[in-house]
Amino acid sequence: MKALSKLKAEEGIWMTDVPVPELGHNDLLIKIRKTAICGTDVHIYNWDEWSQKTIPVPMVVGHEYVGEVVGIGQEVKGFKIGDRVSGEGHITCGHCRNCRGGRTHLCRNTIGVGVNRPGCFAEYLVIPAFNAFKIPDNISDDLAAIFDPFGNAVHTALSFDLVGEDVLVSGAGPIGIMAAAVAKHVGARNVVITDVNEYRLELARKMGITRAVNVAKENLNDVMAELGMTEGFDVGLEMSGAPPAFRTMLDTMNHGGRIAMLGIPPSDMSIDWTKVIFKGLFIKGIYGREMFETWYKMAALIQSGLDLSPIITHRFSIDDFQKGFDAMRSGQSGKVILSWD
């Protein structure tokens, strides 16, 4: 079958032929319809330090997808041939304390699809049936293909009660923009997103965010005054991994504020811890999605009117995958969809 693989320990991703994966007793075989390029895939393409330490070569990459069930393992219940599915990209062990306690998103033995085992940038994918999620009929293939990153956004945004709250989102990448849109959709008062990438800030404006702020040109305190905010942000969603952005968030949080962190800062990032302590801030780390509570919330948010369509900016045939990666690497894109049909 046709697949996109990391074939060499250098920059790039290559089209290749690989065997169709074998179906296990507890697995589904999925014929891929559409995939989306994740920032993780760009890291793998660039062959950065993280990728060099993490990705075995060769490896079929990709973990954002929608497809159709074409094979069912003999022990699988609850699925039928033709079901349209996406899937949780974190394969968990099932036997650690967190898995047995129902906190599977915190499994210490997690394996990543397209990272530690063959991924979805291929004509066919095999995953455990436990990881598959049926897509409702009224959700498009394009939106289903981005459920994985949308899940990161939903998990982060819904970590805290947002109704009537003032929310700061630092980092206007696709996940940050979707998190901001979720916050607005569920009843936050003011949702402010910050970045220095004007293209992506404009995408955020199309999603109905209260204010998209280019911090290279505007002062966040001035924006807060303009919005009538006198006490700081109640909730912070840190999506950038940029130390200056996180420090600004700490400066502008209200006392007792709550912060969810999805962005990955450098290991040597320094902050003024007195602001965390004396403001009584709560900081929560976010990894992946809650299985599968986040997935049900994702579907319900879209079905209740949340419009994510502006975040998808580019669509290509899989044969033009290089154009898709070029768009993602340029920083002048939202989500990029690759069609396998």
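Positions of Cβ are set from backbone N, Cα and C atoms, glycine also.
Swiss-Prot annotates D195, R200, L262, G263, I264, I286, Y287 as NAD(+)-binding residues; of I146, I175, I312, I318, the candidate listed for that same site is I175. Note: the Zn(2+) 2 site is recorded as C93, C96, C99, C107; in the same chain, T92, G94, H95, R97, N98, R100, T104, R108, N109, T110 also have Cβ atoms within 8 Å of that site's Cβ centroid. The most crowded of the binding-site residues listed here (C38, C107, I175, L262, I264) is I175, judged by how many other CB atoms sit within 10 Å of its own CB.
R200 (NAD(+) binding site) is 33 Å away from C107 (Zn(2+) 2 binding site) when you measure Cα to Cα. There are 25 other CB atoms within 10 A of the CB of D195 (NAD(+) binding site), with all protein chains counted. Counting only same-chain residues six or more apart in sequence, the Cβ atoms lying under 8 angstroms from the Cβ of Y287 (NAD(+) binding site) belong to H105, L106. The Cβ of T40 (active site, charge relay system) has 23 neighbouring Cβ atoms from other residues within 10 Å, across all protein chains displayed. Between the CA atoms of C96 (Zn(2+) 2 binding site) and H43 (active site, charge relay system) there is a gap of 29 Å, rounded to the nearest whole number.
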